[in-house]
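Engineer: I am attaching a structure below and will ask some questions about it afterwards.
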Amino acid sequence: MTAHTPKLFVKSYGCQMNVYDAERMADALAPEGYVETQSADDADLIILNTCHIREKAAEKVYSELGRIRKMKQETGRSPKVAVAGCVAQAEGAEILKRAPVVDLVVGPQSYHRLPELLREAAEGRRPVDTEFSVEDKFDHLSRPAPKAIRGRRVTAFVTVQEGCDKFCTFCVVPYTRGAEASRSVAQIVAETERLVAAGVREVTLLGQNVDAFHGEGPDGRAWSLARLLERLAEVEGLARLRYTTSHPRDMDDDLIAAHRDLPKLMPYLHLPVQSGSDRILAAMNRKHTADEYLRLIDKVRAARPDLALSGDFIVGFPGETDADFEATMAIARAADYASAFTFKYSPRPGTPASDMAGQVEETVKDERLQRLQALISEQQSAFARSLIGRRIDVLLDRPGRHAGQLAGRSPYLQPVQIVAPGANLGDVIDAVVTDVGANSLFAAPAGGARDTHREPAEATA
Ligand code: SAH
Ligand code: SF4
Ligand code: F3S
């Protein structure tokens, strides 16, 4: 009798934290014998790792569940189906009612309990676990030797903080991810060192409000994100550090100074503003004004002049007038983004804004979204073009589109295509930008391959 190796397929939607969590789920199931597969078709367990942020994202789950139901009927296969992530947290047992194909529902704080929940599901029960016990999850994450390292990987995410206490009136995250909680510095350093030892060169620290990080340091005190970055910059072999997503209210002077003082910290900042109208910002409960945001950006740029700024915008928040929207266009012009995400306001069940008067017509939202997107994409290509002829470091992180080509990322997070004979994935190349395409830069090596975890050889004349 040969034992069947059960196969796991995790499909993730939403933010980077879900990408990170998908790996933690696989880690939790590896001791049960599960190996990962890339398709639902041969999986014994399908986990939909869902996102609740906008209606469209949340509805995707149900269309995917419909496809799975059909696949089961057509093939006669009977994989177990789990719904995880933020829709699981928000809707809980409702999902079981609406979708009989679902065997279990598990919220983001309970992934370490997957093996147990699967045993219950195997007995024909349909368990729902949406308990909030962040400590448990972080404890679990800190267990030795997670299989965090899959294949030869150059970049990795590390969750350092989860949850949100800000309660922006449009947002579900405080309800789906719970209260803000930070991992300890020791856990984060250990995980980063493990990743780097396995070849990872760039780590992006994740948190719903990453700059609110206040994890316990080795001295028993709460450390800021700036201190954590400083500590991680000491990890030998690590070439680059990033962090996302930050809230303007939590950008302190130390973090700004880190952009000046830490060469490994990339000159890139994702700092959502959502709106340029003070009235709308107040209604959103963002707790800062448009002007305060712009002054903050000035400070960060004073510390790091080549900073690439990114952001998020919502158009059509309840009560948004033409004048409010013009203020959003104005702040986007003033802030001058290298990239930004733009969204139409989507009313979310249970959030204060969904009941506010003055809900904006879909056609108006569409029109505003188009105008803002046009401005942002103009800024994005202007930023890319400004790099032509300039020298940048490129971290090679994947094979390129054509033979002999490698692909990587600029310090500003843009994809870069480069022909660099003799270079390997994981190298940081000193390159010159030669051209810009629709979504990537083209570059050529400037002075030969350079690997920042070794000292560059001094040129001798
Ligand atoms: N914690 C991050 C954002 C997480 S959600 C922060 O505060 O910046 C990512 C983005 O989705 C938000 O910045 C916002 O622009 C958008 N978003 C959140 N809720 C939304 C909603 N109800 N409708 C439209 N966009 C929304
Ligand atoms: Fe949502 Fe606001 Fe928290 Fe960001 S800060 S996760 S937008 S509530
Ligand atoms: Fe979506 Fe949850 Fe992330 S709602 S954006 S998956 S925190």
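The backbone N, Cα and C atoms fix where each Cβ goes, glycine too.
What TrEMBL lists as [4Fe-4S] cluster 1 binding site is Cys15, Cys51, Cys86. According to TrEMBL, the [4Fe-4S] cluster 2 binding site annotation covers Cys164, Cys168, Cys171. The domain 'MTTase N-terminal' annotation in TrEMBL covers 6-123. Per TrEMBL, domain 'Radical SAM core' is recorded for 150-382. Here TrEMBL flags 385-447 as domain 'TRAM'.
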Engineer: What does DSSP call Cys168 ([4Fe-4S] cluster 2 binding site) in the simple three-state scheme?
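Structural biologist: For Cys168 ([4Fe-4S] cluster 2 binding site) - judged by DSSP and reduced to three states - the answer is coil.
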Engineer: Out of the binding-site residues I have (Cys86, Cys164, Cys168, Cys171), which ones have their Cβ sitting under 6 Å from ligand 3?
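Structural biologist: Result: Cys86.
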Engineer: Take the mean position of the Cβ atoms of Cys164, Cys168, Cys171, the recorded [4Fe-4S] cluster 2 site. Which other residues of that chain put their Cβ within 8 Å of it?
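Structural biologist: Sorted by sequence, the hits are Lys166, Phe167, Phe170, Val172, Val173, Pro174, Gln208.
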Engineer: Using a Cβ cut-off of under 6 Å to any atom of ligand 2, determine which of the binding-site residues Cys15, Cys51, Cys86, Cys164, Cys168, Cys171 qualify.
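Structural biologist: By the Cβ criterion, which requires under 6 Å to ligand 2, the hits are Cys164, Cys168, Cys171.
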Engineer: By a simple count, how many Cβ atoms lie within 10 Å of the Cβ of Cys171 ([4Fe-4S] cluster 2 binding site), its own Cβ left out?
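Structural biologist: There are 22 such Cβ atoms around Cys171 ([4Fe-4S] cluster 2 binding site).
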Engineer: Beyond the listed site residues Cys15, Cys51, Cys86, identify every same-chain residue whose Cβ lies within 8 Å of the center of their Cβ atoms for the [4Fe-4S] cluster 1 site.
Structural biologist: Tyr13, Gly14, Met17, Asn18, Thr50, His52, Ile53, Ala57, Gly85, Val173, Thr176
Engineer: Within the domain 'TRAM' (385-447), count helix residues (DSSP H, G, I), strand residues (E, B) and coil residues, in that order.
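Structural biologist: Summed by class, the stretch gives 1 helix, 35 strand, 27 coil.
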Engineer: Counting every protein chain present, what is the number of Cβ atoms, excluding its own, within 10 Å of the Cβ of Cys51 ([4Fe-4S] cluster 1 binding site)?
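Structural biologist: There are 21 such Cβ atoms around Cys51 ([4Fe-4S] cluster 1 binding site).
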Engineer: Taking the Cβ of Cys164 ([4Fe-4S] cluster 2 binding site) as the centre, how many other Cβ atoms fall within a 10 Å radius?
Structural biologist: 22
Engineer: Identify which of the binding-site residues Cys15, Cys86, Cys168 has its Cβ surrounded by the largest number of other Cβ atoms within 10 Å, counting every protein chain shown.
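Structural biologist: Going through Cys15, Cys86, Cys168 one by one, the largest Cβ count within 10 Å is at Cys86.
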